[in-house]
Amino acid sequence: MAEADYTNNGTVDIKGNPANKKKTGNWKACRFILGNECCERLAYYGMSTNLVNYLGDRLNQGNVAASNNVTNWSGTCYVTPLIGAFLADSYLGRYWTIASFVIIYIIGMTLLTLSASVTGLKPSCDKDSCHPTTGQTAACFVALYMIALGTGGIKPCVSSFGADQFDETDETERKRKSSFFNWFYLSINIGALVASSVLVWIQMNVGWGWGFGVPAVAMAVAVVFFFLGSKLYRLQKPGGSPITRIVQVIVASIRKSNVQVPADKSLLYETVEEESQIQGSRKLEYTNKFKFFDKAAVKTQDDNIKGLTSPWRLCTVTQVEELKSIVRLLPVWASGIVFSTVYSQMSTMFVLQGNTMDQHMGPHFQIPSASLSLFDTLSVIFWAPVYDRIIVPYARKFTGHERGFTQLQRMGIGLFISIVSMITAGILEVVRLNFVRKNNYYDLKYIPMSIFWQVPQYFLIGCAEVFTFIGQLEFFYDQAPDAMRSLCSALSLTTVALGNYLSTMLVTIVTKTTTRGGKLGWIPDNMNRGHLDYFYWLLATLSFLNFIVYLWISKWFTYKKATGHPQ
């Protein structure tokens, strides 16, 4: 068969043979990946969206404790991807990493369901409150952190695995890959839509056993979807430990700290073959930044040991540029942390704010406050195809860029919209508290003010997601070295982890500071006597400062340039 029938990005099929363009990859493979992601996200959000209420109602935790436990756990869900990414890039590959970690995920989901439904494992409750034992609380948190570990092998791999189905050396497939990230994020939010509406209602009206049991079944369906597409997948070969290669460049650079880098950069060490030494990776062109690391690619008489070149003494330009690519990504990565802090408020402060408002839809039906996140989901479902089908073609006419906006421009637009979302939430809370003061509703559980006034803040965050989170997914995949894509996808996910941890830290600091002298503080258990609006103004200020710094970072950034063919 002609060479043109095979991919040029180093991918292979499930049997280890070169991937045939006609028989593997593209949208025919992605439909299984998107189906898997939709069901997996339904499972995750079905369990996490209303978790703050479960911890409060069944484990008898206060607002601050429940909020911090949710953000700490959610943060861990976005740190563990570093483990899965390392295994995927170094040894297992993305396919087998996903296949392995889903087992841990399903065990965790099963244990969580049992802890909420089986007598002895679930807390005993009377009309006023529940009385969890230490063992019952422990069972719940063991289940949650097993889920956090399981998702660590899936999150960093699925989006990159989907993008691997498109050969970026093929112009037609490269354009499809850009659309993939939009549809990938859309599939996430279709799952989240069902979770935030149907499953939250089940949890609040039928029971937590069913409310966690349905997500567990959804996770099992996700596994079936994933394996059904195995014959169609293109697999990227693992390239060995990226951490080792990074450390080698650092060590070699330090060893040669006194060596002069030649003015002619073509004299720096690189293999003569068109292929890179790194499995599954193309060569990278030299970039004129972070010049200290160039020393690792300078040849000296001491570089050969017993006739062999040691990578701890001499590194190729491609290996040096791998490290430079990671260093260049770090400032952009850091700018996403504050955005993730804003995003995390949907599962904590927005829910607590909604708990105080009138949740009726008509005379009989009540919508749980956590279900308002479905408007964030609807916003994403609306904006993702609009961005892909309308905004990109329109913007392309003015910018001349094939994607309409650069990835950095796209993320910047999302950061700005997130500022507006926090201002909107703050204004609503000012109005709500003024309503409470005017009518002396301080001790009223539900004030007569519709919860649907929260819709704009949810809708704005959904819009911001389409620009920032999808742009981030695409940016970290594209700018990552070929053999470090899972690791860089995991790196982008850690912004969500650190955003949750930052939220926890801010809530803790704010609570300790504002409750001095016996005061109730900004976030008391009775939100009608607090000042949640002040917390929103704090987040809006941090978001604005972050946006200013981001503008400087994006102006400074240099995009990577790949050349040659992967090994």
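In case you wondered, yes, glycine gets a Cβ from its N, Cα and C as well.
TrEMBL entries are annotated by machine, without manual review.
Pulled from TrEMBL, these are the features on record:
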TRANSMEM  95-114  transmembrane segment
TRANSMEM  183-202  transmembrane segment
TRANSMEM  208-228  transmembrane segment
TRANSMEM  332-352  transmembrane segment
TRANSMEM  372-392  transmembrane segment
TRANSMEM  413-435  transmembrane segment
TRANSMEM  455-477  transmembrane segment
TRANSMEM  489-510  transmembrane segment
TRANSMEM  534-553  transmembrane segment
State the non-local partners of the transmembrane segment (332-352) in its own chain: residues 6+ outside its ends, Cβ under 8 Å from one of its Cβ atoms.
-> 48-53, 63, 67, 70-71, 74, 369-370, 372-373, 376, 408, 411, 414-415, 418, 421-422, 425, 454, 457-458, 461, 464-465, 468-469, 472, 475-476, 491-492, 494-500, 502-503, 506-507, 523, 527, 532, 535-536, 539, 542-543, 546, 549-550, 553-554, 557
Recorded stretch, among 208-228, 372-392, 534-553, maximising Cβ pairs under 8 Å relative to the transmembrane segment (455-477) | 372-392
Are there at least 3 C-beta pairs under 8 angstroms linking the transmembrane segment (534-553) and the transmembrane segment (489-510), leaving out pairs fewer than 6 apart in sequence?
-> yes
Under an 8 Å Cβ to Cβ limit, what residues of the same chain, 6 or more beyond the ends of the transmembrane segment (183-202), are close to it?
-> 30, 33-35, 37-46, 49-50, 158-159, 162, 210-211, 214-215, 218, 367-368, 370-374, 376-378, 380-381, 384-385, 388, 462, 465-466, 469-470, 473
Please indicate, using numbers and ranges, the residues of the same chain that are 6 or more beyond the transmembrane segment (372-392) and have a C-beta under 8 Å from a C-beta there.
-> 49, 179, 182-183, 185-186, 188-190, 192-193, 196-197, 346-347, 350-351, 354, 403-405, 451-452, 454-455, 458-463, 465-467, 470
